[in-house]
Amino acid sequence: MVDQSDLPFRKLARQYGSNLCYTPMIHSRLFLEHKRYFESFNLFVDEAKEDGPVFAQFCGNDPTIMANAMKKFNTKFVDAVDINCGCPQGIARKGRYGAFLLEEGDLLVSIVENLVKELDCRVTIKVRILPTGIEDSLALYRRLVDAGVSLMTVHGRTRHQKGQLTGAVNWDHIKMVVDAIGDRIPVIANGGISNLDDIRRCLEITGAAGVMSSEGVLEYPPIFTGTNTVATSGKRTGPGRLAIAREYISLEEKYPNKQGGQASGIKCAKSHLQHFLYEDLQSGGEVADEARRKLHCSKSTADMREVTDILERLQAERGHKVEEEKLGWYMRHRTEGEDEKETKLDIPQVELEDDFSGCFGGMIGETGECGGDGDGDY
Ligand SMILES: Cc1cc2nc3c(=O)[nH]c(=O)nc-3n(C[C@H](O)[C@H](O)[C@H](O)COP(=O)(O)O)c2cc1C
């Protein structure tokens with residue numbers, strides 16, 4: 001996830017049961033051309049290889065540039081390279097990559113063939129359903145398997161389903177993919193996962209080899225454990241969101257993502273806190289406003305700790321119960337009418353990355369909010 005699956009976050013997710021993580025998406029051409037961008041991805045701090053298995057995800061549309069970028073990447077630390085054919089954002093349309101590349105089938109197949117020939121590690125792919133329908137999608141996916149992809153993750157939505165139009169994911173389509181190619185390569189289902197019950201249902205309905213979560217795990221990393229199960233009690237029995245935020249801050253201090261953690265430093269860390277603590281930050285009132293202002297202007301992990309202290313006060317005042325916590329950020333585009341309930345306050349908000357493509361900026365130089373270098377210094 002762009003500027004979000006940084007090393008500290010991957011560590012956190014693994015601690016709570018994720019058994020395969022991806023690097024943030026790497027832009028192949030920028031990786032070859034920009035020294036700072038290259039360094040932010042290539043310097044793994046985790047040389048002990050504790051962070052595995054991990055796939056490095058790339059985007060691009062040129063067979064040679066993609067192969068050169070992947071060769072230049074330190075592939076000894078990763079278990080596969082993945083092609084992003086899922087990104088639906090404007091920048092991907094402009095760059096002819098992500099979900100838009102799926103609509104250039106011949107080019108995509110030639111990219112896969114070239115990578116399989118040129119690289120000494122496995123090549124995997126993340127796809128969406130084509131806007132022209134599932135039959136066209138299946139025909140393309142079969143060609144991709146023929147070309148040599150070793151694993152396919154299917155986000156069961158089309159590229160039109162994003163932001164306010166996200167809507168429900170189609171697990172029946174993912175099942176059709178599993179039926180079509182699941183005997184040749186593992187198919188991973190993506191979309192619609194907010195707790196352990198969803199995971200069980202998804203695996204049952206789709207027959208997929210596994211599930212991928214993005215927004216659910218970003219908001220509450222223990223969703224892969226039994227601590228967030230709806231069927232058993234509807235109650236959260238695992239750590240509360242404040243505890244998770246603090247765990248992340250500690251990992252961020254241990255593995256500063258600016259030094260090899262593959263993200264943009266403070267901007268990335270602030271986004272994580274925004275996701276973990278969304279419900280508190282959006283809850284309205286003076287204390288929540290203060291916490292949002294503080295988070296917006298945070299320049300260090302110490303500042304972010306102060307945000308958690310403010311919210312601890314807020315939770316105490318409100319008689320907050322961890323077992324009653326629910327996912328809020330994940331649900332914002334999934335429950336009808338929920339968007340209107342979002343508190344709109346007249347203070348700067350930490351950017352929510354519905355258009356996560358803007359995050360490239362943080363990695364190759366950009367002025368931060370509240371003045372100074374957007375990358376922070378810690
Ligand atoms: C902040 C953010 C960053 C993302 N970055 C990527 C990315 O780099 N590559 C990718 O394949 N998908 C990316 N996605 C999309 C997710 O992987 C996933 O396909 C989508 O959110 C649907 O899954 P979910 O319902 O579990 O959230 C990103 C999503 C978010 C919210």
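Just so it is clear, glycine is given a Cβ too, placed from its N, Cα and C backbone atoms.
The domain 'DUS-like FMN-binding' annotation in TrEMBL covers 1-285. The FMN binding site annotation in TrEMBL covers Gln57, Lys126, His155, Asn190, Gly191, Gly192. The active site, proton donor annotation in TrEMBL covers Cys87.
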Looking only at Cβ atoms, how many others are within 10 Å of the one on Gly192 (FMN binding site)?
21
Express the predicted model's confidence over the domain 'DUS-like FMN-binding' (1-285) as a mean pLDDT, rounded to an integer.
91
Is any of the binding-site residues Gln57, Lys126, Gly191 within 10 Å of the residue listed as 'active site, proton donor' (Cα-Cα), and if so, which, in sequence order?
Lys126
With the fewest other Cβ atoms within 10 Å, the residue among the binding-site residues His155, Asn190 is Asn190
Number of other Cβ atoms within 10 Å of the Cβ of Gly191 (FMN binding site) across all protein chains:
26
What is the total of other Cβ atoms whose distance to the Cβ of Gln57 (FMN binding site) is within 10 Å?
25
Residues near Lys126 (FMN binding site) in space but at least six apart in sequence (CB under 8 A)
Gln57, Asp82, Ile83, Asn84, Cys85, Gly86, Met152, Thr153, His155, Asn190
FMN site span - longest C-alpha distance across Gln57, Lys126, His155, Asn190, Gly191, Gly192, in Å:
21
